[in-house]
Amino acid sequence: MFTLDSFRKDRTQHRQRQCKLPPPRLPPMCVNPAPGGTISRASRDLLKEFPQPKNLLNSVIGRALGISHAKDKLVYVHTNGPKKKKVTLHIKWPKSVEVEGYGSKKIDAERQAAAAACQLFKGWGLLGPRNELFDAAKYRVLADRFGSPADSWWRPEPTMPPTSWRQLNPENIRPAGTGGLSRSLGREEEEDEEEELEEGTIDVTEFLSMTQQDSHNPLRDSRGGSFEMTDDDSAIRALTQFPLPKNLLAKVIQIATSSSTAKNLMQFHTVGTKTKLATLTLLWPCPMTFVAKGRRKAEAENKAAALACKKLKSLGLVDRNNEPLTHAMYNLASLRELGETQRRPCTIQVPEPILRKIEAFLSHYPVDSSWISPELRLQSDDILPLGKDSGPLSDPITGKPYMPLSEAEEVRLSQSLLELWRRRGPIWQEAPQLPVDPHRDTILSAIEQHPVVVISGDTGCGKTTRIPQLLLERYVTEGRGARCNVIITQPRRISAVSVAQRVSHELGPSLRRNVGFQVRLESKPPARGGALLFCTVGILLRKLQSNPSLEGVSHVIVDEVHERDVNTDFLLILLKGLQRLNPALRLVLMSATGDNERFSRYFGGCPVIKVPGFMYPVKEHYLEDILAKLGKHQYPHRHRHHESEDECALDLDLVTDLVLHIDARGEPGGILCFLPGWQEIKGVQQRLQEALGMHESKYLILPVHSNIPMMDQKAIFQQPPLGVRKIVLATNIAETSITVNDIVHVVDSGLHKEERYDLKTKVSCLETVWVSRANVIQRRGRAGRCQSGFAYHLFPRSRLEKMVPFQVPEILRTPLENLVLQAKIHMPEKTAVEFLSKAVDSPNIKAVDEAVILLQEIGVLDQREYLTTLGQRLAHISTDPRLAKAIVLAAIFRCLHPLLVVVSCLTRDPFSSSLQNRAEVDKVKALLSHDSGSDHLAFVRAVAGWEEVLRWQDRTSRENYLEENLLYAPSLRFIHGLIKQFSENIYEAFLVGKPSDCTLPSAQCNEYSEEEELVKGVLMAGLYPNLIQVRQGKVTRQGKFKPNSVTYRTKSGNILLHKSTINREATRLRSRWLTYFMAVKSNGSVFVRDSSQVHPLAVLLLTDGDVHIRDDGRRATISLSDSDLLRLEGDSRTVRLLRELRRALGRMVERSLRSELAALPLSVQQEHGQLLALLAELLRGPCGSFDVRKTADD
């Protein structure tokens, strides 16, 4: 049986062999022919083992070096014999080696040589036991061991000439049989996926900048043709300098002309009997003839070809290493021409009637010195008081205004609680005894005597459900129940709700109203006094804004603190500082696993109470055991977890097979399957449904993910009917807090999604990585909570030893903008670095500074790190700062409802996408977007259609709409809840008169909601500087110039459009500018998944910052001062009017932010209405000369 240990043993042997490689230059490895020229048995065996040897060699080298073609690394040299053909294969990677092959035909000889090379590669460890390829990362390691690292980023040689071969001939030579340069550049070959992912692909202007820096020796000119016949000694010297001249000539011509053959451009004519005279006619780069002699035809031709190579080198068409230049360098003139076109500003064309309207408006409402300039806009003085001190304290338990109980009320309520407690009946006695119960006195005494206590309890000890009840019992039975108001945080919504329901059930009907929960979009708070409130960490953070000292709260219990999510670490900073403001408050940290002593030290050496848990026996199976059970004797191809965490992969078929095997042969009971993410959950669910077919009714397949609304997730706790097996497919959301009682089998993929932030590229990457050993323990424990169980780990035992003990805290690996904004809301007097340095694990100072700079860049913080007027508004809106900014601007620009939909859909995808139907979803999005060029407006139309069918109250119509548009009803319900929540936030931020206005078409805040270009422009203004400029032409890492391809340039560098955005496949873009919300890093490249084309005038008029103008009195250019992505040109009058219009819009925004929007004077509202009408009309106009054409294969 093939096991991981045997695989590693083989790999070690491979590495030992490759460490003992012979010197760089080896003698040819010969595959000897059989008598008569037939293929020998040994050769047939080789070809049987390597049936496609040439493709295999290309694939190995291509993957290792990250190139799509390996022509330069594999050179076949042919020699004609009397009865057989001989091929010498020159291999240039990983070492310079020659391999020979023979055959009756040239192709047979090539295949034999290639097969021999494959055998050599396998012996070096470059192929797996079954001749399979390795991943690129491993090849890089192998190459380093060879002392021949993979090619680095391509740069022009210092001697490469800064010109094009077209300049060699003033007549612009077009060789016979080709269409010349223009034809070759117009024909773009189809790009494969690997090339599309190349990190090194750059745009034309960047390449030209590099070329100017690195290139010093221009191409020498060659006017007209030439005829060269030299003495034989010169030809021999040339042949010594160029030992494979024909191959070099062919490569040069093929690269320069983008052709697959050089036959038409290099022609030999050989005459003579004893002495052969070879004439080489070279039609590129201009007609040239070379003559040489030799005893054999091949010798004469090689000498002539060597003379040609020498000539090309003198012209600068071959580099100093006698290798061809790149395609881009041969076509530098065209590159420069295209680069010059790209650098030109785009012409502004504003119709004369609109210009007159702008002049009239500015004449009536001049932008004078009374307007606050953009520089002053960053100051936070004299703003509308919208912060946490602007209103009465809020009761953290009920959410109502807080008023302390009088002494009489407290006594009365305490007595009432005591009576209710005594009337509970036998329910408490019926509750199962849990491991935490015998430790009740120790726990309660510690909490009473110490402000902070850490409770470390194993899985199943009952700390989550029982300790809040123990606290309540102690207070109630001592006659002070009214003083007991406990807030218990949970890391996830489903945990908060399910635990609250469990505790409510255990307390019984008489005290049920004293237990409640509050999560996003769903709330059922308890009555005040003797209250247990279960909520998410984010909810408690919001409560701290309106009650900074948590007055009215007796205890805060932070459960699952070991998970170290970013909100929990942030909460601990606040709670640590809160001890000085509210010394009576008791803090309890509860952890299942983790470094609990670290929490103790953080809170000054507070006590740690360890509670042993109880688990039923759990039998564990690892991958090698599982494969044996399934009758698989080797690793499935898609389930080879590589050593690099970046390349963890999961075979969904293996997961499905295992679940079916457990169902067929395992013990009765539920199956809980831990999967990395939503795509994997949907993939396994679809496979199970297909496999079960007509028997699906005997199974309850339940996905559990944060994408699913609470009402749909509650089904996992329900007992299935007799004869029905429950199969739960979950992320790590099911690892802690919640208990599904009938789970007997746990399938652990060993993987989860983890967000990581790249400081260099400033993008996040949601990676699939190995879990920690603590996660494995937690997952295993789900099978032994209520009965004996089984755990199936889809990784080898040896992998467990390599897993890290605990997860890296989220605060150390995620973007910090949201955290910094929260810090400014809670403690505005502290700098971000100062505040976050108080975390259990302080984040990188550079990461904090980057977050501060971004918030300053989007106008949320001023230079002193105080909240600006805009920041004060954003503080009320619970979403990403950039999305919150877009919402605020949408209220001001009166297009609010579509922006609420967009922001909600960026929070929760409305489409029912999976690994199998991505292409179909992309087609639906393209249809929904119409001709708007916007993924975001596709969201708006999808939700609008759903709201329309809901009004019909026709179930069939609703189901048809969902099916036709591949929409997911639970996500749409969640989006509806988000829109409602954001509406409340906007009302709290004084941006609308009442929450219902936000979705009312006739409300003033939605006056321009139908203006698509304005909606996209406002979204762009919120997301700025997330702006893309589309540029024509690119140069690949291999130096291939592709004039009909496009690159996507941002302020930070080049990015790629993901296939999921409709603009990726668009054959024509109406605008060169796109906006986007989020970029993610994958496989070394940065991708954008959502995008919208935006009008260039929207970019000019609606972005923050200054503009720069160059005006000669007749024509003027205007550009963004902080970016080179936008340069527009027009007549001086047009540019001047647009600049003043931009200032008028800035004044409107500033006025709106400095007072309650609905309370602005009527005259000001009318002025703003006229300005917005003018803006909408301007953006309705054509983009003029901003069209960009793309080839279909881009």
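Start at 1 and count along the chain as shown; that gives each residue its number.
Cβ atoms here come from the backbone N, Cα and C positions, even for glycine.
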From the set SER222, SER226, SER394, SER644, Swiss-Prot tags as phosphoserine just SER226
Expected hit for motif 'DEAH box' in Swiss-Prot across 367-370, 559-562, 735-738, 915-918 is 559-562
Filtered by Cβ under 8 Å and at least 6 apart in sequence, the residues in the chain of GLY460 (ATP binding site) near it are LEU434, PRO435, GLY613, PHE614, MET615, GLY781, GLY784, ARG785
Cβ proximity for THR459 (ATP binding site), under 8 A, sequence spacing 6+, ordered by residue number, returns ALA592, GLY613, MET615, ILE777, GLN778, GLY781, ARG785
Residue counts for the motif 'DEAH box' (559-562) under DSSP, helix then strand then coil, are 2 helix, 0 strand, 2 coil
Three-class DSSP assignment, GLY462 (ATP binding site), comes back as coil
Cβ proximity for CYS461 (ATP binding site), under 8 A, sequence spacing 6+, ordered by residue number, returns LEU434, PRO435, VAL436, VAL611, PRO612, GLY613, PHE614
Around the recorded ATP site (GLY457, ASP458, THR459, GLY460, CYS461, GLY462, LYS463, THR464), other residues with Cβ within 8 Å of the Cβ centre, ordered by sequence, are LEU434, PRO435, VAL436, ALA592, VAL611, GLY613
Around the Cβ of GLY457 (ATP binding site), other Cβ atoms found within 10 Å total 25
On the motif 'DEAH box' (559-562), the mean of the pLDDT values is 91
Its Cβ having more other Cβ atoms within 10 Å than any other among the binding-site residues ASP458, THR464, the winner is THR464
DSSP says GLY457 (ATP binding site), in three-state terms, is strand
Close in space but at least six residues away in sequence, with Cβ under 8 Å from that of LYS463 (ATP binding site), the same-chain residues are VAL436, ILE455, GLY457, ASP559, MET590, VAL611
